[in-house]
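Asker: After the structure tokens below, expect a handful of questions from me.
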Amino acid sequence: MSPTSETAKGGRRLVIVESPAKAKTIKGYLGPGYVVEASVGHIRDLPSGAAEVPEKYTGEVRRLGVDVEHDFQPIYVVNADKKSQVKKLKDLLKESDELFLATDEDREGEAIAWHLQEVLKPKIPVKRMVFHEITKDAIRAAVANPRELNQKLVDAQETRRILDRLYGYEVSPVLWKKVMPRLSAGRVQSVATRLVVERERERIAFRSAEYWDLTGTFATGRAGDASDPSSLVARLQTVDGRRVAQGRDFDSLGQLKSANTLHLDEANARALAAALENTRFAVRSVESKPYRRSPYAPFRTTTLQQEASRKLGFGAKSTMQVAQKLYENGYITYMRTDSTTLSDTAVSAARAQVTQLYGADYLPPQPRTYAGKVKNAQEAHEAIRPSGDRFRTPAETGLTGDQFKLYELIWKRTVASQMKDATGNSVTVKIGGAASDGRDVEFSASGKTITFHGFLKAYVEGADDPNAELDDRERRLPQVAEGDALTAEEITVDGHATKPPARYTEASLVKELEEREIGRPSTYASIIGTILDRGYVFKKGTALVPSFLSFAVVNLLEKHFGRLVDYDFTARMEDDLDRIARGEAQSVPWLRRFYFGEGDGTGGGGAADAGNGDGDHLGGLKELVTDLGAIDAREVSSFPVGNDIKLRVGRYGPYVERGEKDAENHQRADVPEDLAPDELSVELAEELLAKPSGDFELGTDPATGHAIVAKDGRYGPYVTEVLPEGTPKTGKNAVKPRTASLFKSMSLDTVTLDDALKLMSLPRVVGADAEGVEITAQNGRYGPYLKKGTDSRSLQTEDQLFEITLEEALAIYAQPKQRGRAAAKPPLKELGTDPVSEKPVVVKDGRFGPYVTDGETNATLRSDDSVEEITPERGYELLAEKRAKGPAKKTAKKAVKKTAAKKAPAKKAAATKKTAAAKTTAAKKTAAKSTAKKTTAKTAAKKATASKTSED
């Protein structure tokens, strides 16, 4: 029976969803007897501070928002910004005869539905309405087939929320006292931060190895074509039967893993190349194997985040935001899922499109099934796919921008999942010969031809490694047979150096967390966002770089809260929480063991001590945070660099120091905030210490009482005010300190307080023209200028900023605007130096709206970006995305020659010992010196939020 005919008998139904966008879409599918309203997310939560806790609660309950002495009873309060919405829902409920709770079908959605029921206290029938796609048929089916609330899911979500509150509110204050105020710890965020820090430690300990090899271009002697090339390129594989070392044959200290491998240095490689000049080569073997590649499974949350990062340059958060919009507007199924399963309807829709778009030859006789799911999956139960029983092609959707790109990605992946395998042949050709000195050499070439593209016709998965070959890439070799003679047209001597392990990107960090079974797919985007916001990591291009602050935090947690950041322990916690969700374990006993350490197996054992699967491996958090006297704050935040220099993380950021504070030979210098820990060498530290102190206190602003200091910053010397401790640094109430660059005629050692106050008073209002449009004098990266509306004019000197009169300004505007460089508009915002191009990045106003540019690459701001809010990191990310999409640069083909040599990169010095926060390699000295001249505008403390707790 349809919803419309049901309500025709009388009655009014209230349907509550999370978001207004979702409400708007669903409303169009239901009849006039339905009222669809949004809760606008969670309406109730644990209190964010003691001020929100009802007065009847005192002591620990007031601090934590959880009564740990009475079965961990949570104290819920209606969010201040949701009170008016709750009143609206209650008013609508009074006029309704039935309530449908239509929140998302996952654990979080079930909790929202339960909180709505608890707060609204309906006296009418209540039904739980679930669906995983917003289509007319799906919504009507959900109305016709409601269910009861799943209390197990509700309990599981509540347990997670309480656990995260206890973890955050008990451990975070330790960080405030021992490292820096306003930091945070979290069940998953701290482990994710540790992963990034450990990868940087590996890079710090890494020693590069130089190795050489030979590459030969061999000709068959016959004319070739596209299907049968006339030559092939092969790499030297063995010399006298010993395999020639490649990068994978060296360990992280630059040593060969096996003595049986031949390590060629430059001299030996060149000598061998010379000995091969007149060698006669022949094909020794041709091995052909069938090639088959099956389609990739449809997307789940994490694979969508990873692929959107690789192919579209989206961060995890951006991917989920775009996917949320697509879901709410009825284009895709629910985007938080661990499943790769497709419904029968979806399989039929995908197979129909395969036949329609690619033909019956691309359709397998039987539907493909993808039953594999992540362990303990508790999210929605179908893969992410286009919605409906007939998939709209991307062109049919009318979508634009990021929504179009992500929909197209999902659509292609889904359709491809129901196509035939790609098939072909892979071939390996071995080419041998004898050098003039008698040594036997063997070169090897591999090829691949695809005879039937199958699913590759529709979709090819990206790769995290930029050097990895994609599945649809063919390498055709000449048709040769064993014994065929070949001529060496060119023997190239190639030098290489092993590289440190790559830093995590958002995509690879998500993959790592999932493989370790830490956290849940629905939380990964927010976790990465949190560690970026807290200043624990920052981005260089797409790489996630740990800050020195994160080294201090992880150092403390590892030494004093080892269990809490142990990977296996965290995964077992996740497993226990899922057992609670399935009803196989009880919440309160588990929380009691976690917090108080009750139960067997908790007598101080390490995180690796496995329990019986019922939480017995948990220790007592309360006891861990009670005795803090043993934690030496200075020790956990100090890291040796070398030459008696230490890197320390202070309340206002990292610095290097030699000697004790009160000693006569004491030296101290700030470390640039954007310096990667693996770039801090002894040489760079010495250079920093040799420079004058970075901060010059000029005095106090009489108007505000704030201290005014001069600094040598990343973009040159500047003055700024020091805001009082406790001033909000993030969020809508954030306060930014006044800052201004020094004039070219000024220097750090001569600038005065009066100079600083004048500089920080800019821009100066000069006056208004006859039409009342304000004219201001401003100082920018490209010099002083006047601004009137969107019309800007350059000034000749910096002094004019304070001296120019209204009459003089009007006279300048009365002149025709100059063309060429002088006519260029000043930037809307200056972001800093791009880590890739090393050029200044600015925001400009273009014909099609604001865009970021470094002078070489332009990238338009997206719909959810604004000139006022865009950060330097976001600007660099947009440019990196644009570069990734651009055409690859073509290099001119070199003339054929007999012997050529490519110089290996300079080998790192391996003599100097490196420690957790220092790296002394000659190869990095130059880069480190360059970086030393820069410092970011934001410190780690500025990035930290005032929130005590964190989700996960």
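Backbone N, Cα and C atoms are what each Cβ position is placed from, and that goes for glycine too.
Worth saying up front: this structure is predicted, and the values here are computed from it rather than measured.
Annotations for this protein, taken from Swiss-Prot, read as follows:
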- 12-135: domain 'Toprim' (DOMAIN)
- HIS42: site 'Interaction with DNA' (SITE)
- ARG160: site 'Interaction with DNA' (SITE)
- ARG161: site 'Interaction with DNA' (SITE)
- ASP164: site 'Interaction with DNA' (SITE)
- TYR169: site 'Interaction with DNA' (SITE)
- TRP176: site 'Interaction with DNA' (SITE)
- ARG336: site 'Interaction with DNA' (SITE)
- ARG534: site 'Interaction with DNA' (SITE)
- 847-952: region 'Disordered' (REGION)
- 871-884: compositional bias 'Basic and acidic residues' (COMPBIAS)
- 885-906: compositional bias 'Basic residues' (COMPBIAS)
- 907-930: compositional bias 'Low complexity' (COMPBIAS)
- 937-952: compositional bias 'Low complexity' (COMPBIAS)
Asker: Return only the integer: C-alpha distance in Å from TRP176 (site 'Interaction with DNA') to TYR169 (site 'Interaction with DNA').
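Answerer: That comes out at 11 Å between the alpha carbons.
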Asker: Compare the C-alpha of ARG534 (site 'Interaction with DNA') with the C-alpha of each of the recorded sites ARG160, ARG161, ASP164, ARG336, and give the closest one.
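Answerer: When the Cα distances are compared, ASP164 comes out closest.
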Asker: For the recorded sites listed here (TYR169, TRP176), tell me which residue's CB has the most neighbouring CB atoms inside 10 Å.
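Answerer: When each Cβ's neighbours within 10 Å are tallied, TYR169 tops the list.
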Asker: Measure from the CA atom of TYR169 (site 'Interaction with DNA') to the CA atom of ARG160 (site 'Interaction with DNA') and give the result in Å, rounded to a whole number.
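Answerer: The Cα atom of ARG160 (site 'Interaction with DNA') is 14 Å away from the Cα atom of TYR169 (site 'Interaction with DNA').
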Asker: DSSP helix, strand and coil counts for the domain 'Toprim' (12-135)?
Answerer: 46 helix, 25 strand, 53 coil
Asker: Please work out the mean pLDDT for the residues of the domain 'Toprim' (12-135).
Answerer: 93
Asker: What whole-number Å value do you get for the CA-CA distance of ARG336 (site 'Interaction with DNA') and TYR169 (site 'Interaction with DNA')?
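Answerer: So the Cα of TYR169 (site 'Interaction with DNA') lies 28 Å away from that of ARG336 (site 'Interaction with DNA').
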Asker: Would you mind splitting the compositional bias 'Basic and acidic residues' (871-884) into helix, strand and coil residue counts from DSSP?
Answerer: 13 helix, 0 strand, 1 coil
Asker: Report the same-chain neighbours of HIS42 (site 'Interaction with DNA'): residues 6+ apart in sequence with Cβ closer than 8 Å to its Cβ, ordered by sequence.
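Answerer: Correct list: ASN79, LYS82, ALA111, ILE112, HIS115.
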Asker: Including all protein chains displayed, how many Cβ atoms other than that of ARG160 (site 'Interaction with DNA') lie within 10 Å of its Cβ?
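Answerer: The answer is 24.
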Asker: TYR169 (site 'Interaction with DNA') to ARG161 (site 'Interaction with DNA'): how many Å between their Cα atoms?
Answerer: 12
Asker: Counting other Cβ atoms within 10 Å of each Cβ, which of the recorded sites ARG161, ARG336, ARG534 scores lowest?
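Answerer: It is ARG161 that, of the recorded sites ARG161, ARG336, ARG534, has the fewest other Cβ atoms within 10 Å.
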Asker: Which three-state DSSP class does ARG160 (site 'Interaction with DNA') fall into?
Answerer: helix
Asker: With every protein chain in view, how many other Cβ atoms are within 10 Å of the Cβ of ASP164 (site 'Interaction with DNA')?
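Answerer: Other Cβ atoms found within 10 Å: 20.
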